[in-house]
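A quick write-up on the structure given underneath.
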Amino acid sequence: MEEQIEPIDRVFVQLGPIAIYWYAVLILLGVAVGYFMARRESVKRGLPQETFADLLVWALPISILSARAYYVIFRWEQFADNPISVFYLREGGIAIHGALIGAVVTAIVFAKKRGLSFWKLADVAAPSILIGQAIGRWGNFVNQEVYGAEVTREFLEGMFLPDWIINQMYINGTYYQPTFLYESLWNVLGVVVLLLLRKANLRQGELFLSYVIWYSVGRFVIEGMRLDYLLIGDSLRTAQLLSIILVVAAIALWVYRRLWVKPPRYLNPDAATKQRK
């Protein structure tokens, strides 16, 4: 007989006719935690206190739009019969890579207009981005998405997971691997690594490039476990291809900047407005 396990209610709170969903709450929580981390570090690095608040005003909506656009482009068959569903964000369906593209483009334009170094902003933000991603993945958990292969309950219990996680991995009569959790934990570990690298006083830009490499390696591996993924054509997983490109590009940029640009050190108090390119 099939087990009867009720999933977590996707609605965080109902305010009259307005429903606020866990998905949105957890994404905004990740943004808030990341913002306060970046704000605290930016002041230490000699940036104006309002820098990241001003950046967030533009980066947040643009990132959400680009994340949704990225997802829709690679999953158009899901929306073709009902195009208005493109705007149903409460049901999930945004791509982190799309959000990062939007955020980076916004930060480049913002830095240029403010006379700041993009690389300095990116270095300050790197651990904050990862912690935001780690928290945001729990929105996928509530929505019962970003999961891996079929497993047994015994398999999940063997991972010493609490029942509330195991039960949420019970989807349409089957238990699945919690790949959302793997990525969330990988990102938390990445935050620790980046905070340690911050003390190593790398060259400007190298902390952000470390983030790109760390996240991309983890995403490549975990993407191979997922059952819900975006494809280019019939078999090429979009996130894995982009992860390879990002790792190669980050390493190439690291070498190029170290050998020819020779940017200042991250902890150099005068570096905030230098090396704008």
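The first residue you see is number 1, and the count goes up from there.
Cβ coordinates come from backbone N, Cα and C, glycine included.
What Swiss-Prot records for this protein:
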TRANSMEM  18-38  transmembrane segment
TRANSMEM  54-74  transmembrane segment
TRANSMEM  91-111  transmembrane segment
TRANSMEM  115-135  transmembrane segment
TRANSMEM  177-197  transmembrane segment
TRANSMEM  205-225  transmembrane segment
TRANSMEM  236-256  transmembrane segment
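Only residues 6 or more beyond the boundaries of the transmembrane segment (177-197), in the same chain, are considered here, and those with a CB under 8 A from a CB of the stretch are 126-127, 130-131, 133-135, 137-138, 140-141, 145-149, 151, 156, 161, 165, 169, 206-207, 210-211, 214-215, 218-219, 222, 225-226. Ranked by number of Cβ pairs under 8 Å to the transmembrane segment (18-38), the listed stretches 91-111, 115-135, 236-256 are led by 115-135. Beyond the ends of the transmembrane segment (236-256), by six or more residues, the same chain brings 74, 95, 97, 205-206, 209, 212-213, 216-217, 219-220, 223-224, 229-230 to within a C-beta distance below 8 angstroms of the stretch.
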